[in-house]
Amino acid sequence: MDDLANDSAVRPLLSEARLIYAITVPLSTAIILANLVIILGISCNRQLYNTPNYFFLSLLVADLCTGVALPFIPWMGLNRSLSFSSCLLVHIFPNFLFLAFLFNLVIVHYERYMCIMSPLHYSSFWVHRHFPLVLLAVWVPPLLYASLPAFGWNNRAGPGWNGCCSFNDTGTLGAPVNCSTVVVAAPGGSECCSYRRVFPNAFIYLEVYGLLAPAILSIAGMTGRVLWITRGQMKDICRLHRSVATRGGGQASEREQRLNLRYTRCVAAVSLTFLACWVPYIIYIHVSVVFLLSKETRGNSTTHIVLSCTGIGSMAVMPLVLGLANRQYTDPVRKLLHKLRDRWRRRQDSEDMAL
């Protein structure tokens, strides 16, 4: 009977592990490699050694760390048997990396937003004058906030955790029991590790609606404002073309069409990028909050795994879109690939001549 219980408890864990690694390992590998390519491109070009690129480099480092932690993030929503210190670590560290990534993303958008809003005073902007302090501000507060459960703001001594663990009173796998009364029932002094034990409801609400939602709204607002300013500048350019066209030529209409088409493509690209990168994460966050309000300790693990992987993974693609769209960041790698291709072609030609 014990063997049957063990098999019935282990099979779901194995299937969940396979699903997590099948989704996250390819996605994490792509994120890590793309970040390394852009970081290498910035490091090899001395012309890019300036404050805006330092901020973007910090964002790439945070995104790289998020890619490394991506395979571990879906496990945060699943119940496991771990010591409480290990449970704190596997929840706090990914949360810190994610918050640092979000703070870095906001400061990069803010810096570029101010560059467009005040181009004449751009070099004297406070972000440029005190950029080391700004870099500390986007890394230290996320670490402090994410570490609050380790300093006592946790739910370890909360009410019963029915269905949380899969250990019975003898320390073997079996039917779920009340984990708050048998926290040391698992072998090796392990407890039931659940995000509900690490993060109290107030902590989750504060992070979602006090940090994440304002950050996403600020990024959306700055992006929309930049598009609006670009629209106004394009209208001014079109008026100049019309004034020139009245003096001779009549070519303004064609140029206006090209400008309107380019602006339409820009709006479409920005909108699609925003929707593709943020909508899956927003859905994941709201589904997680709904699950939290449902008062259920066990939910559909497959749905949680898919939503967490796609939500965090799609958001981590945002810096890669910004980086790969800039040819200055990818020129060193492109030149290296061209050299390797030319060398390979010369070797092939020499071998053909030898034959």
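Cβ from N, Cα, C; glycine included.
Marked as transmembrane segment by TrEMBL: 20-42 (among others).
Annotated domain 'G-protein coupled receptors family 1 profile' per TrEMBL: 34-322, in sequence order.
For 54-76 (among others), the entry in TrEMBL reads transmembrane segment. Residues 20-21, 23-25, 27-28, 31-32, 35-36, 38-39, 42, 90-91, 93-95, 97-98, 100-101, 104-105, 107-108, 111, 127, 131, 134-135, 138-139, 195, 304-305, 308-309, 312-313, 316, 319-320, 322-323 of the same chain lie 6+ residues outside the transmembrane segment (54-76) yet bring a C-beta within less than 8 angstroms of a C-beta in it.
According to TrEMBL, the feature transmembrane segment maps to 88-110 (among others). Within the same chain, residues 55-56, 58-59, 62-63, 65-66, 69, 72-73, 75-76, 82, 127, 134, 137-139, 141-143, 145-147, 149-150, 154, 193, 195, 198-199, 207, 211-212, 215, 218-219, 222-223, 312, 316, 318-319, 322 sit at least 6 positions outside the transmembrane segment (88-110) and bring their C-beta atoms closer than 8 Å to a C-beta of that stretch.
Taken from TrEMBL, the feature transmembrane segment applies to 131-153 (among others).
Residues or ranges marked as transmembrane segment in TrEMBL: 208-229 (among others).
According to TrEMBL, the transmembrane segment annotation covers 267-293 (among others).
Sequence-distant contacts of the transmembrane segment (305-325) (same chain, at least 6 residues past either end, Cβ-Cβ under 8 Å): 16, 19-20, 23-24, 27-28, 31, 34-35, 38, 41, 56, 59-60, 63, 66-67, 70, 73-74, 76-78, 98, 101, 105, 108, 273, 276-278, 280-285, 287-288. According to TrEMBL, the transmembrane segment annotation covers 305-325 (among others).
Here the transmembrane segment (208-229) has long-range neighbours at 99, 102-103, 105-106, 109-110, 112-113, 116-117, 145, 266-267, 270, 274, 278, 282, 285, 289, meaning same-chain residues at least 6 beyond its ends whose C-beta is under 8 angstroms from one of its own.
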